[in-house]
Amino acid sequence: MTRGAWMCRQYDDGLKIWLAAPRENEKPFIDSERAQKWRLSLASLLFFTVLLSDHLWFCAEAKLTRARDKEQQQQQQQQQQRQQRQRQEQRQRQRQHEPSWPALLASMGEPSPAAQAHRLLSASPSPTLPPSLGGGGGGKGGRGTDSRGKPPLPGNSARPAWRLETCYPQGASSGQCFTVDSADAVCARNWSRGAAARGEQGQQTRGPPQPTPLWNLSDFYLSFCNSYTLWELFSGLSSPNTLNCSLDVVLKEGGEMTTCRQCVEAYQDYDHHAQEKYEEFESVLHKYLQSEEYSVKSCPEDCKIVYKAWLCSQYFEVAQLNCRKTIPCKQYCLEVQTRCPFILPDNDEVIYGGLSSFICTGLYETFLTNDEPECCDVRREAKPKSPSKGAGDRGGACPRTSLSASSAPRLGPSRLRLCVLVLMLLHTVLTASVAHNATALGVGGVHTLDERSASEE
């Protein structure tokens, strides 16, 4: 039975009775509005479902990333332990093949090697360290595991308390670099005046032959801040913790052993605190930097190198001499600010978006002058083999991509396809709703005209 205004005419008892065909839907326009509302509700539900799934997806990825980081950290710790054991075994093998300390002194021309070795072995234990930088605790509680308190190794007790390492930077006077481990061994030596006394030594060659000095302060470096020599520290940082640490304390023959030992231990204490701060920074960087692709110009290794240089320049405000190229030490603060990761905009904390995670404070209050200490430029030098003890290398070359750490997991190809699909579905639903609404309006107009014509008839 067709819909419309079809009429049939019947006569009953002389009365005209009009019988209209029954209609299936009395109000088609209301039904079209209801269907349109349902479509919009379904579209909104679909949109919010996609948003919720995206948020859940992001949470799941973050959880998987944290689990993967924990596994990598455990693997790195195990690898570091294996490497430490291998290094210890190699050192033990080297110690077995190395000559004894008295024989080495005798070969280098040191007078009375037995007496020197006896004085080195019979030295009194290290005294209590002075307070650390910034009002920290003394060395008795904080440096209990340091190598200064270690007993001499059995079977090799005459060996010096420092180890041979690679020169950093390669500017040592003798071509050999050492890392100081014991203050007693440092203060028991007869030192030369380094590069400052080479001219005097050259002038004295015409006179009677002078005994060649055995050691040079410019050949001995700190353990962590391995670009600072003892010569630079004694000549520039002459009063650590209110101590008198001038060059005369070390270079003067028959000088005070206790004062010299306290000065070297104070320098080692500063170096130890700088290493602790660096390890804290490295752990925070590894915790919050989920991806190494945070910049197109820098990488985490660049950030660590300049941060270490800035940190050491804050603990040791001295001018460095054995450098290929020098820059003002305060410039490293700006280098850290530009090379370390930035805080990117996020859904929760947009107010901090675009700010640097490291901000230099008080740098522009005092303008840079010629009196500022100069530090070694490590920005373009090769990365040192061991930037910190116990810190594992997590990568080689720097990544050179434009994605940042927080946007990388959100702008993957799968999520882009999902967003495009949702937009296409919403566009299709809205187009169908508009087309159906226009059709319903046209049918409703036809029904209205038919009803009016029937009423008139």
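Glycine too: its Cβ is placed from the backbone N, Cα and C atoms.
The compositional bias 'Basic and acidic residues' annotation in Swiss-Prot covers 86-98.
Annotation comment: Swiss-Prot describes 133-142 as compositional bias 'Gly residues'.
Taken from Swiss-Prot, the feature disulfide bond applies to C187-C260 (among others). In the three-state DSSP reading, C260 (disulfide bond) counts as helix. Taking the Cβ of C260 (disulfide bond) as centre and 10 Å as the limit, one finds 22 other Cβ atoms among all the protein chains shown.
Annotation for C225 (disulfide bond): spatial neighbours D271, A274, K308, C312, Y315, F316, criterion Cβ-Cβ under 8 Å with sequence separation of six or more. Under the heading disulfide bond, Swiss-Prot lists C225-C312 (among others), citing similarity to another entry as support.
Feature annotation from Swiss-Prot assigns disulfide bond to C245-C260 (among others); the stated evidence is similarity to another entry.
C303 (disulfide bond) falls within a helix when secondary structure is assigned with DSSP. According to Swiss-Prot, the feature disulfide bond maps to C303-C340 (among others).
Cβ neighbours within 10 Å of C376 (disulfide bond), excluding its own Cβ and spanning all shown chains: 23. The annotation disulfide bond is assigned in Swiss-Prot to C323-C376 (among others).
Sequence annotations record features per position, and here Swiss-Prot assigns disulfide bond to C329-C375 (among others). Look at C329 (disulfide bond): DSSP puts it in coil.
DSSP assigns C360 (disulfide bond) to coil, not to a helix or a strand. In sequence order, C333, L334, V336, Q337 make up the list of same-chain residues 6 or more apart from C360 (disulfide bond) whose Cβ falls under 8 Å from its Cβ. Per Swiss-Prot, disulfide bond is recorded for C333-C360 (among others).
Annotation comment: Swiss-Prot describes N216 as N-linked glycosylation site.
Marked as region 'Disordered' by Swiss-Prot: 70-98 (among others).
Summarising the annotation, Swiss-Prot assigns region 'Disordered' to 122-160 (among others).
Look at Swiss-Prot and you will find 381-409 (among others) tagged as region 'Disordered'.
Marked as transmembrane segment by Swiss-Prot on the basis of sequence analysis: 40-60 (among others).
Per Swiss-Prot, the feature transmembrane segment maps to 418-438 (among others); the stated evidence is sequence analysis.
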>> Return only the integer: C-alpha distance in Å from C260 (disulfide bond) to C376 (disulfide bond).
In response: 26
>> If you compare CA-to-CA distances from C323 (disulfide bond) to each of the recorded positions C187, N216, C329, which comes out shortest?
In response: C329
>> Is it possible to get the count of other C-beta atoms within 10 angstroms of the C-beta of C333 (disulfide bond)?
In response: 21
> Out of these disulfide-bonded residues, C312, C340, which one has the fewest other C-beta atoms within 10 Å of its own C-beta?
Replying inline: C340
> Closest to C187 (disulfide bond): which of the disulfide-bonded residues C303, C329, C340, C376, going by Cα position?
Replying inline: C376
> 10 Å Cβ neighbour count around C375 (disulfide bond)?
Replying inline: 25
> Which of the recorded positions listed here (N216, C245, C329, C375, C376) have a Cα atom within 10 Å of the Cα of C303 (disulfide bond)?
Replying inline: none
